[in-house]
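Novice: Below are the structure tokens for one structure; questions will follow.
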Amino acid sequence: MKSVMWNILALSFVLFASAQVSKRCPPPFAYPHISLDRKFAQKQTFSQGEKVYFNCAEDFTAVRGSRAVQCLESGEWTKLSLKCEKRSCGNAGELSNGQFVYEGESYIGERVKAVCDKGYTLKGLNYLTCKKSGWSGERPTCEVGETTCSAPVVTNSVRARDASIYRVGDNATFTCRQGFTLDGAQQVTCGPDGQWWPGAPRCLPSPDSTTKLADKSPVSGNKPTGGCEVPPAAPNSNAVLTDKYIVMTSFPSGTRVQYMCGAGYVAAGGSRYRMCRNGRWSGLNLKCERKLCGSAGEILNGHFTYTGVEFGDKATAVCDEGFTLVGKATRTCTSHGWDGRVSECEAAACPEPPQVANAVIMDLIEESYTYRTAVRYRCLVGTLIGEKSIVCGADGTWSGSPPTCQAEITCPYPNVPNGVWRAPANDLYRYRETVQFECLSGFVIRGPKSVTCGSSGHWLPKLPECLPGYSGRYWRKPYNG
């Protein structure tokens with residue numbers, strides 16, 4: 001019988017001991033677009049109370065919640081509250097004489113397509129791509145009408161086809177008049193840029209007729225007869241000659257030169273060409289407008305303030321209260337779009353909460369304490385004096401001072417002559433206990449009707465007095481419990 005009892009006791013002890021061993025947690029669950037921090041990735045088991053941290057996947061950003069989960073005594077993990085959202089480039093801006101068509105929500109990797117209005121032709125790529133730095137690529141433009149080439153002028157020649165306008169792909173064939181020899185290609189093609197390719201030829205005097213022509217030619221100066229000098233700059237047009245014509249110093253009559261909009265400007269109508277006729281240049285009506293950059297992007301927990309959204313304008317990142325800027329604050333609209341990358345706003349963080357003697361923190365210990373995180377204290381010994389919680393502020397400091405734990409605080413017996421109070425008659429009154437007073441009949445109270453035991457062991461405010469005078473009350477026996 002004794003052996004049976006010993007076996008039962010031994011088994012009970014084993015069961016009790018095994019019950020005291022806390023369960024260990026396996027690796028935490030995987031979450032979409034969220035990954036376990038690398039320093040925890042190789043571990044297979046975790047002890048009770050151990051915390052691990054998660055990070056948002058690449059191209060995603062944290063919008064709310066805590067990065068931490070904790071291993072419970074049951075062998076399970078607390079629920080992860082972290083929420084990650086895909087980064088967005090925001091609005092791609094406006095397309096003059098057209099529009100952008102979005103294929104999604106402007107997330108990284110997605111494209112926006114450029115579509116021109118009727119009667120306008122797209123110049124450049126027909127799409128932009130959302131990248132970490134914002135919308136990438138040279139912004140396209142929509143220009144008036146289809147691309148054409150004007151009739152090529154070659155002095156002392158005849159064309160096989162006499163037309164005023166040539167479309168892309170059309171050919172023009174030249175034959176020099178008698179006494180002139182062709183210098184260049186006999187046939188040229190209208191290119192997609194509105195230029196002839198190769199360039200228009202020339203008809204030069206034949207060697208055997210040079211002397212006769214020279215006898216009949218007037219004396220020439222620094223420019224060909226009927227030709228033009230370098231075209232003057234067009235005031236307030238923001239247009240410049242294309243590279244091909246910048247190096248030229250004289251232009252024969254009939255020469256057509258091409259302009260383009262200067263850096264930071266885009267064509268918004270009008271012709272790109274001027275023509276030299278009999279020593280004079282035709283007017284330039286190319287209209288150049290400042291490049292439009294549109295939105296500088298979206299900032300989580302912040303926003304941009306703009307001086308404008310055109311070439312040369314600036315966008316400044318401003319973070320919401322409790323968040324601090326990471327990266328460059330200002331972006332500038334350049335000829336290639338907004339420079340730099342979208343800034344980020346991170347929650348302000350406070351240092352470890354201060355330790356309080358004889359107290360413990362009631363909340364889970366965090367890896368970091370961000371804006372508006374509250375920490376609560378509980379006294380192990382004594383009385384808690386002050387606010388039981390502190391809060392992480394927008395400036396990264398804790399609100400107020402932490403509480404203290406003092407030995408038991410009591411106040412003396414609240415003796416008020418000719419007065420009674422509404423509370424049990426105790427020998428000691430503890431911190432924050434309140435007593436309310438009334439005066440006996442024939443006496444009037446002067447001072448507060450209620451007092452509270454303060455942290456210094458004194459009644460606050462000071463005890464009242466009962467002075468002679470009719471109070472309208474009958475005599476009342478003091479309450480003695």
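Glycine residues also receive a Cβ, built from the backbone N, Cα and C atoms like all the rest.
Keep in mind that what you see is a predicted model, and the values were worked out from it rather than measured.
I grabbed these lines from TrEMBL:
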type	residues	note
SIGNAL	1-19	signal peptide
DOMAIN	23-86	domain 'Sushi'
DOMAIN	87-144	domain 'Sushi'
DOMAIN	147-205	domain 'Sushi'
DISULFID	Cys176-Cys203	disulfide bond
REGION	208-229	region 'Disordered'
DOMAIN	226-290	domain 'Sushi'
DISULFID	Cys261-Cys288	disulfide bond
DOMAIN	291-347	domain 'Sushi'
DOMAIN	348-407	domain 'Sushi'
DOMAIN	409-468	domain 'Sushi'
DISULFID	Cys439-Cys466	disulfide bond
Novice: Suppose you look only at the domain 'Sushi' (23-86); what would the mean pLDDT be?
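Specialist: Its mean pLDDT is 84.
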Novice: Nearest by CA distance to Cys288 (disulfide bond): which of the disulfide-bonded residues is it, out of Cys176, Cys203, Cys439, Cys466?
Specialist: Cys203
Novice: What is the interatomic distance between the Cα atoms of Cys176 (disulfide bond) and Cys466 (disulfide bond), given in whole Å?
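Specialist: Cα-Cα, rounded: 130 Å.
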Novice: For a three-state summary based on DSSP, what are the helix, strand and coil counts in the domain 'Sushi' (87-144)?
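Specialist: For the domain 'Sushi' (87-144), the helix, strand and coil counts are 0 helix, 29 strand, 29 coil.
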Novice: If you count Cβ pairs under 8 Å, which stretch among 23-86, 87-144, 147-205 touches the domain 'Sushi' (291-347) the most?
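Specialist: Ranked by Cβ pairs under 8 Å, first place goes to 87-144.
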Novice: Which listed range (23-86, 87-144, 348-407) shows the maximal number of Cβ pairs under 8 Å with respect to the domain 'Sushi' (226-290)?
Specialist: 87-144
Novice: So how many other Cβ atoms are close to Cys203 (disulfide bond), meaning within 10 Å of its Cβ?
Specialist: 20
Novice: Taking just the CA atoms, what is the gap between Cys203 (disulfide bond) and Cys261 (disulfide bond) in Å?
Specialist: 33
Novice: Whole-number Å only: compute the distance from the Cα of Cys439 (disulfide bond) to the Cα of Cys261 (disulfide bond).
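Specialist: Roughly 94 Å, rounded to the nearest whole number.
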Novice: Around Cys261 (disulfide bond), which residues of its chain at least 6 apart sit with Cβ under 8 Å of its Cβ?
Specialist: Asn238, Ala239, Val240, Ala267, Leu286, Cys288
Novice: Same-chain residues six or more away whose CB lies under 8 A from the CB of Cys466 (disulfide bond)?
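Specialist: Residues satisfying the criterion: Val416, Pro417, Asn418, Gly419, Phe437, Cys439, Leu440, Phe443, Val444, Ile445, Arg446.
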Novice: In the domain 'Sushi' (226-290), how many residues does DSSP call helix, how many strand, and how many coil?
Specialist: 4 helix, 26 strand, 35 coil
Novice: Ranking the disulfide-bonded residues Cys176, Cys439 by other Cβ atoms within 10 Å, which is at the bottom?
Specialist: Cys176
Novice: Name the secondary structure element type, per DSSP in three states, that contains Cys439 (disulfide bond).
Specialist: strand
Novice: Per DSSP, what is the residue count of the domain 'Sushi' (147-205) in each of helix, strand and coil?
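Specialist: Taking each residue of the domain 'Sushi' (147-205) in turn, the totals are 0 helix, 29 strand, 30 coil.
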